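What Swiss-Prot says about this one:
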- Asp61: active site, proton acceptor (ACT_SITE)
- Asp61, Gly62, Asn134, Asp135, Arg145, Asp164, Thr175, Ala176, Tyr177, Ser178, Leu179, Ser180, Gln234: NAD(+) binding site (BINDING)
Amino acid sequence: MKNIGININTDKDISRNILDKIFQYIHEECSEAKIKVFYDSKGLDNEESRALDAVMVLGGDGTILGTARALAKYDVPIFGINRGHLGFLAEIELEDCKEAIKNLFKGQYKIEDRIMLKCDLKGIDKKDDFLALNDIVLTKGNLSRIVKYSIYVDDVWYTTFVADGVIVATPTGSTAYSLSAGGPIVYPDLDVLEIAPICPHSLGIRPILLNGNSKINIRVLKKYEDPVLTIDGQRYKKVTVNEVTISKSKYKCRLIKFKDKDYFKILRTKISYRSRECEGE
């Protein structure tokens with residue numbers, strides 16, 4: 001492992017001193033390492049990124065999401081040094097950075113392949129893949145009015161309802177927006193997709209889990225303005241068509257996980273309780 005990328009979120013508190021320390025830690029493990037620094041993911045999706053052996057992300061979970069979309073087609077593994085709020089995906093804290101880099105070069109890690117989503121808009125040029133690691137969300141526009149949606153799974157009608165919107169989430173995204181919409185937490189290596197309605201006008205409309213190979217077709221039956229498509233809470237597009245199709249992408253996000261990191265411990269401390277870890281209690 002000699003070609004290392006570092007993607008920095010410039011909105012976070014990342015001083016030159018921090019970056020110099022990271023350079024030092026890398027060169028202590030591999031004096032011949034070549035380091036390429038990216039700022040706010042600019043240039044990260046270029047073909048040259050294919051040569052990178054790994055990318056370190058300095059930011060929060062949102063920076064991880066952007067990095068994952070940029071690198072998905074290049075099969076480059078990533079890991080995050082948390083400089084954000086939650087740090088669920090960017091799980092390495094700054095004080096543990098040196099140890100993480102040491103383990104990286106010693107090969108003391110595993111790679112988790114996470115499902116990603118793709119979205120096709122009926123009648124729209126497919127040059128934009130609309131990849132997502134967490135979720136793809138279809139919602140009403142700015143007006144405070146609900147929208148009528150009809151959902152088909154593998155070309156079979158599932159249900160029709162009125163709501164503020166619809167979330168289609170991956171297992172990775174199950175701890176994000178869909179969790180707030182009442183969806184379940186899904187273990188990250190399961191091959192499933194989740195549909196979670198947002199504020200449905202019916203007590204009988206609940207989130208559902210589907211086989212990961214399912215094709216989900218969402219049709220907008222009644223609208224007062226063009227609905228909005230949101231990718232990972234970061235990309236935004238007004239939808240002028242009445243139909244979108246969401247399915248599993250052929251690309252995956254490759255997350256580097258170090259052996260001392262326990263998913264359930266992270267879940268307890270950062271999602272379930274957000275409090276002091278009490279081992280065994």
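Glycine is treated like the rest: Cβ placed from N, Cα and C.
Once the Cα atoms of Asp61, Gly62, Asn134, Asp135, Arg145, Asp164, Thr175, Ala176, Tyr177, Ser178, Leu179, Ser180, Gln234, the listed binders of NAD(+), are compared pairwise, the greatest separation found is 31 Å. Counting Cβ atoms from all protein chains shown, Gln234 (NAD(+) binding site) has 13 others lying within 10 Å of its own Cβ. A distance of 31 Å separates the Cα atom of Arg145 (NAD(+) binding site) from that of the residue listed as 'active site, proton acceptor'. Secondary structure from DSSP puts Gln234 (NAD(+) binding site) in coil. Rounded to the nearest whole angstrom, the C-alpha distance between Asn134 (NAD(+) binding site) and Asp61 (active site, proton acceptor) is 10. Within the set of binding-site residues (Asn134, Arg145, Thr175, Tyr177, Leu179), the lowest number of other Cβ atoms found within 10 Å of a Cβ is recorded at Arg145. Across the structure, Asp61 (active site, proton acceptor) and Gln234 (NAD(+) binding site) are spaced 12 Å apart at their Cα atoms. When secondary structure is read from DSSP and collapsed to three states, Leu179 (NAD(+) binding site) falls in the helix class.
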